[in-house]
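**Student:** So that we are looking at the same thing, I have put the structure below in structure tokens.
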Amino acid sequence: MAESSGNPPAERIGYITRVQSFSACHRLHSLRLSDEENKEVYGKCNNPYGHGHNYKVEVTVRGKIDPVTGMVMNLTDLKKCIEEVIMIPLDHKNLDKDVPYFADVVSTTENLAVYIWDNMAKALPASLPYEIRIHETDKNIVVYRGE
């Protein structure tokens, strides 16, 4: 193990991930496609009555580890941000009817990740957002990094 010289190390970058679960329903349906095309593209997820998910979202921030606090950011602040950006607008909601963003955007998990990213980016210092990872099911996971 390397010995410490007592000098602070060069800037270190850390990653913090907070996990949050929420439930919501939606229907995969594009206004740019005919009813027949929607059924073909989205299958059972185009059911007119919609369907629901218990989403698990991982929000990861990246930044310099503050030499004084030892933190990239205060987890309490990240928790509040997630509450405002994810839980209040999305939990137990119909994404297509209750979230204005999805009025003309198909509520795929990819677009949900973009929505969460864009709103987290507005709520956090610019350098911090790193990744949004959404587990739609145990087998289906979407990752978005603002690219």
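If you go along the chain as it appears here, the first residue is 1 and each next one adds 1.
Keep in mind that glycine also has a Cβ here, set from the backbone N, Cα and C atoms.
The Zn(2+) binding site annotation in Swiss-Prot covers HIS26, HIS51, HIS53. Summarising the annotation, Swiss-Prot assigns active site, proton acceptor to CYS45. Residues or ranges marked as active site, charge relay system by Swiss-Prot on the basis of sequence analysis: HIS92, GLU136.
Are these features on the surface or tucked inside, and what are their neighbours?
**Tutor:** Non-local neighbourhood of HIS51 (Zn(2+) binding site): CYS25, HIS26, ARG27, LYS44, CYS45, each in the same chain, at least six residues away, with C-beta under 8 Å from its C-beta. DSSP gives HIS51 (Zn(2+) binding site) a strand state.
The Cβ of CYS45 (active site, proton acceptor) has 16 neighbouring Cβ atoms from other residues within 10 Å, across all protein chains displayed.
Mapped onto three states, the DSSP output places HIS92 (active site, charge relay system) in coil.
Here the Cβ of GLU136 (active site, charge relay system) has 17 other Cβ atoms within 10 Å, regardless of which shown protein chain they belong to.
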**Student:** Under a criterion of Cβ-Cβ distance under 8 Å and sequence separation of at least 6, what residues of the same chain contact HIS53 (Zn(2+) binding site)?
**Tutor:** SER23, ALA24, CYS25, HIS26, GLU136, THR137
**Student:** Three states by DSSP: which one describes CYS45 (active site, proton acceptor)?
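**Tutor:** Looking at the DSSP assignment, CYS45 (active site, proton acceptor) belongs to a helix.
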**Student:** Within 8 Å of the Cβ centroid of the Zn(2+) site residues HIS26, HIS51, HIS53, which other residues of the same chain have their Cβ?
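**Tutor:** My list of surrounding residues reads ALA24, CYS25, ARG27, CYS45, GLY50, GLY52, LEU95, SER107.
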